[in-house]
Amino acid sequence: MNFALTTLRLMCLAWLWPVALLKGSNTQNQRRHKDVYLGENTRHKHGGRIDFKMKKSDSTKSLLIKSEQLLRIEDHDFAMRPGFGGSAIPVGIDVQVESIDSISEVNMDFTMTLYLRHYWQDDRLAFPSSNNKSRTFDARLVKKIWVPDVFFVHSKRSFIHDTTMENIMLRVYPDGNILYSVRITVTALCSMDFSRFPLDTQNCSLELESYAYNENDLMLYWKNGNDSLRTDEIALSQFFIEEFHPSYGLAFYSSTGWYNRLYINFILRRHIFFFMLQTYFPTMLMVMLSWVSFWIDRRAVPARVSLGITTVLTMSTIITGVSASMPQVSYVKAVDIYLWASFLFVFLSVIEYAAVNYFTTVEEMKKLQRGKLPVSYNATQAMAYDGCFHDDIDVSPFPELPTTPSTTRTIPPRASSTEPPPTEGTRLWRKRSMGKNIRFIMSNSYMIDSYSRILFPVAYLLFNIIYWCIYS
């Protein structure tokens, strides 16, 4: 019986021996393939040199050096600021302006993209390090620690860029110093003064302040003084950027107290050339075009009226276009003064022709009544051409008056004067009263056009000199 059991055991061992050998061969092959695969990857990364140290486990996978455990995040309450109950924590600010995206006069705001960097120290995040190197994290760790609650005063819209990840960087140093940087686009209010528009200069500022912590808990300051504000090469379509400078101040709220406030100030001076092409030059041309009517015959009613109405309507269009692109302010702008003064010159040129036309009609009617017009004068055609035909006036030609000795005008001889004749070089002045001068011009309406050819250009030139001297 024992012999039979021993024989059975030997047969089982003989049958299982090849299976064990085959399994051991497969295990060695798998290890060999794994080493070759790791060696090929290492050769690819290190230019053909196989570094077998890469086969060691990744240090970041060790539970002993996870970020939360290294920084002891679970051991502290980060809902409280560092040094709570003591003096205010200093937070340095450093700003780099990337671009000024837009400036809107209608909405009175500007849009700016910038890098906002915060510097402070939190001893709770200090960690041991043999090489004294910092550790850099992204937005996922920021949500687990305390960070300053800086916001933009008078901002309308703002957001943190999130392509392809949130543009947030957190750098922690072994001694607990922290650098927190974000990339932000903000649209903020800028109170603009348009009294000198478009020859104006605007002062805008972006204001930073802590929302929850007053000056007893948090002290904001510029990290490097005036060097804390840096800008890239910024070019705007309508403005020159004359100056960028930081400043500091305090803000008081009756319910919560005093807060530190930082200012990013910049001065904008507007380009005038665009408005010269779009507004001033067309306005000047329209005013000069209205003067052409002074050289057109006073009887050419359609030509002069059409020219006057065209210039008036064109000036109205220019004024409407400029007003549509500006905010509805309650004071007069510099461009409004120029446009409305030019509109007045154009309007007066139309009124001038209305006066010329009226005085010409009155003058011809008086001549008709006195019979001083020649027989060949066709009054009907002349008055119709002049545009002043009246149905109630008898325009039949007067009969020719016979010339008789009794109707012949005799000029009596001048009485001899006892005054000596004027010497050579003496100018004789004929004094007239103002009323006589006006009646003289009314009886000679063509003189109104003659005077207007000089008075209008001289007055407009004088206006331009005064305007540009005041606003330039």
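Including glycine, each Cβ sits where the backbone N, Cα and C put it.
Just so it is clear, the model here is predicted, and its values are computed rather than measured.
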Correct range for transmembrane segment (source TrEMBL, candidates 95-115, 137-157, 179-199, 305-325): 305-325
Tertiary contacts of the transmembrane segment (451-470), as residues 6+ beyond its ends and Cβ separation under 8 Å: 287, 291, 294-295, 337-338, 341-342, 345, 348-349, 352, 441
Outside the transmembrane segment (337-360), six or more residues from its ends: residues with CB under 8 Å to it: 279-280, 283-284, 286-287, 290-291, 293-294, 298-299, 301, 304-305, 308-309, 311-312, 315-316, 318-319, 322, 386-388, 441-443, 445-446, 448-449, 452, 456, 459-460, 463, 467
Intrachain neighbours beyond the transmembrane segment (272-293), with Cβ under 8 angstroms and 6 or more residues off its ends: 198-199, 238, 303-304, 307-308, 311, 314-315, 318, 322, 335, 338-339, 342, 345-346, 349-350, 352-353, 452-453, 456-457, 460
Helix, strand and coil residues within the domain 'Neurotransmitter-gated ion-channel transmembrane' (279-364) as assigned by DSSP: 72 helix, 0 strand, 14 coil
